[in-house]
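Written below as structure tokens is the structure these notes are about.
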Amino acid sequence: MKTALFLVFALAFIAVEGKFSKACSKPGQTVLAPDGCNHCRCSKNGIIMGCTKKMCPPRTMKQSCKPGATFKHKDGCNTCKCSDDGKSARCTARLCW
């Protein structure tokens, strides 16, 4: 069980590291996370050490949607559902790899 948990965390770290590898050009640099509101810190060797995990404020929609309809978020991995009035949507907040 401990080995399985270690592997999960190691794979998650590698995936996050790969997603941000171009963003960390300077040690100690802080970069914007893919969600657009959290921040990640770069280690001395230019690898992401960790990111904040705060709740992000809802984003405003630039267009309306069909009430009750579901659609893919622009990140390609989260799913959104349109509100009953078609003026807002709620999306899942999974970390995308």
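Keep in mind that glycine also has a Cβ here, set from the backbone N, Cα and C atoms.
Taken from Swiss-Prot, the feature signal peptide covers 1-18.
According to Swiss-Prot, the domain 'Pacifastin 1' annotation covers 22-59. Within the same chain, residues 16, 75, 88, 93, 96 sit at least 6 positions outside the domain 'Pacifastin 1' (22-59) and bring their C-beta atoms closer than 8 Å to a C-beta of that stretch.
Under the three-state DSSP scheme, C24 (disulfide bond) falls in the coil class. Cβ neighbours of C24 (disulfide bond) (same chain, under 8 Å, six or more residues apart in sequence): V31, C42, S43, G46, I47, I48. Per Swiss-Prot, disulfide bond is recorded for C24-C42 (among others), and the stated evidence type is a curator's inference.
Annotated disulfide bond per Swiss-Prot: C37-C56 (among others), in sequence order. Of all Cβ atoms in the protein chains displayed, 12 besides its own lie within 10 Å of the Cβ of C37 (disulfide bond).
As annotated by Swiss-Prot, disulfide bond applies to C40-C51 (among others), with the evidence given as sequence analysis. Taking all protein chains in view, 19 other C-beta atoms sit within 10 angstroms of the C-beta of C51 (disulfide bond). In the three-state DSSP classification, C51 (disulfide bond) falls within a strand.
What Swiss-Prot records for 62-97 is domain 'Pacifastin 2', and it gives sequence analysis as the kind of evidence. Taking DSSP states H, G and I as helix and E and B as strand, the domain 'Pacifastin 2' (62-97) has 0 helix, 10 strand, 26 coil.
Annotation for C65 (disulfide bond): same-chain Cβ neighbours under 8 Å, separated by at least 6 residues, are F71, C82, G86, A89. As annotated by Swiss-Prot, disulfide bond applies to C65-C82 (among others), with the evidence given as sequence analysis.
Swiss-Prot lists C77-C96 (among others) with the feature disulfide bond, giving sequence analysis as the kind of evidence. Around C96 (disulfide bond), the same-chain residues six or more apart in sequence whose CB sits under 8 Å from its CB are P34, D75, G76, C77, N78, listed in sequence order.
Here Swiss-Prot flags C80-C91 (among others) as disulfide bond, drawing on sequence analysis.
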C51 (disulfide bond) and C91 (disulfide bond), Cα-Cα, nearest whole angstrom: 20
Number of Cβ atoms other than its own within 10 Å, given for C77 (disulfide bond): 11
